[in-house]
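The feature coiled coil is assigned by Swiss-Prot to 191-237, with sequence analysis given as support. Summarising the annotation, Swiss-Prot assigns region 'Necessary for transcriptional repression' to 19-49, 150-174.
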Amino acid sequence: MAQNLKDFAGRLPAGPRGMGTAMKLLLGAGAVAYAVKESVFTVEGGHRAIFFNRIGGVQQDTILAEGLHFRFPWFQYPIIYDIRARPRKISSPTGSKDLQMVNITLRVLSRPLASELPFMYQRLGLDYDERVLPSIVNEVLKSVVAKFNASQLITQRAQVSLLIRRELTERAKDFSIILDDVAITELSFSREYTAAVESKQVAQQEAQRAQFLVEKAKQDQKQKIVQAEGEAAAAKMIGDALSKNPGYLKLRRIRAAQSIAKTIASSQNRVYLNADSLVLNLQDDTFTRGSDSLVAKQTKK
């Protein structure tokens, strides 16, 4: 480039001697600035760089950290890698142990091993994740999922995820790739299997509902039996009380008469009824004779 500028300056028309000297100084300064610019480069945070020179190729023993670095222009140029963890989602259809088709989506956090960048560049280039991850994920998923039934993939999801992560991490080490996290984000089955599972769940819920109704009927029956036994015991106690104390029935009739009288007194309507039918005439002989006859009948029983 500097030589081209000098040739261009030589083709310009000749001028005063001072102007020619200034032009030469300007061209020299431009050449120096260009050389300095091409000799310096910066490695940003979270990145690493390796050198490729035009004679020996990739320099295996040089890995440049973050910051400002120098190089020989034209003879060397840097290759910069991003070594931060990057997420990637990979989906793979595979078959379970009971021959059910399963679609699994994994979220993988991957980054290159910084100490192996020269080796990685020679084998895989800069797009290492695109070349490696889809193939090894499919390989590991098929080998792991084939060990479980479709139902076990749901009930033992944590165990399946742990096994996938362990095998995938070991497999990625062969390509100098570090996996910081592997997680199952989606797990789906074929329409036929999903419909069969839903039908089974509905049948189980109906069976549980029927069992609940049977248990409820049994509890209601027991409650009625207990209630009937309680009413029978209460009737027996009343009968015993009548046989031992005839005045108990008279007391009950007096309380009933009081309740009837209170209800009629508080009513806005006025109704005239036979006093005998309302058992309000407590001084009448019929009241006493009626009570005594009931006590006699109860005693005979």
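A Cβ is built for glycine as well, from the same backbone N, Cα and C atoms used for every other residue.
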Mean per-residue pLDDT computed across the region 'Necessary for transcriptional repression' (150-174): 91
The region 'Necessary for transcriptional repression' (19-49): DSSP-derived helix, strand, coil residue counts: 21 helix, 7 strand, 3 coil
Structural state census, the region 'Necessary for transcriptional repression' (150-174) (DSSP three-state): 23 helix, 0 strand, 2 coil
